[in-house]
Amino acid sequence: MMVQSVNLKWLSFKGSYLLARAHGSGYLLRSIRNMLSRLGQIRRCAASLSQSINQIAASRQKHTLPDLTYDYGALEPHICAEIMQLHHSKHHATYVNNLNVTEEKYQEALAKGDVTAQVALQPALKFNGGGHINHTIFWTNLSPNGGGEPQGELMEAIKRDFGSFQKMKEKMSAATVAVQGSGWGWLSYDKESGRLHIAACANQDPLQGTTGLIPLLGIDVWEHAYYLQYKNVRPDYVKAIWNVINWENVSDRLQIAKK
Ligand SMILES: [Fe+2]
């Protein structure tokens, strides 16, 4: 409707101009004032249309908490239902909400050309964006039917790059347990070398965004991921989580990463 309104105003504007040419200078001056007035209306219509488009675009970009494909209690006894419920519905949900708030502020700063505000929002974007990315991967890395060993190409790559599946597990467990404070341990793919790597990140730093390595399997070692069940014994939690690793998901991620 708004586009149609703009077209009608343009036709009217063009008509006034032709009449002005036919009727002399007095009519011409009145016509110019009318034209300027109509131009102002067109600008206001265009601004309103642009604002509507921006609002629609902003509403479409809202992040949402992904559903789990299993129940909160499905990973017991390795990860208890209370941890899973709090972890997913409270902690991850908070990252999602704060990411949306941060992006909204960032859009405002961009619209104003306020570079200082944009820079000031970077830590919140990294923390909440990383929290959303990391947990979204984490839930799919886990399965009540998980555990055991990977098959096919993933297993071959693990043997090639670590010597054996057991050695990879030991190396990743050690790196993950050794994270100081809160963070993540990762099995990842280095696209440049075509090899698998073990990595660790502090806080919610997203692996790919901060190192370039593509995340395949993440182990969350924030205390919220294990303290209710394992208290301060992080190594026991890391040992137990191997029983619920969804190797099919990790294999799928490797296939996508290699493309
Ligand atoms: Fe977490």
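Glycine too: its Cβ is placed from the backbone N, Cα and C atoms.
Whatever TrEMBL says is automated annotation, not expert-curated.
TrEMBL names H87, D220, H224 for binding Mn(2+). Of H132, H135, the residue it gives for the same site is H135. According to DSSP, the secondary structure content of the domain 'Manganese/iron superoxide dismutase C-terminal' (150-253) in residues is 54 helix, 24 strand, 26 coil. The binding-site residues examined here are H87, H135, H224; by Cβ neighbour count within 10 Å, the least packed of them is H224. In the three-state DSSP scheme, H87 (Mn(2+) binding site) is classed as helix.
Excluding H87, H135, D220, H224 themselves, the residues of that chain whose CB lies within 8 A of the CB mean position for the Mn(2+) site are, in sequence, H88, H91, H92, F138, W222, A225. Along the domain 'Manganese/iron superoxide dismutase C-terminal' (150-253), the predicted structure has mean pLDDT 98.
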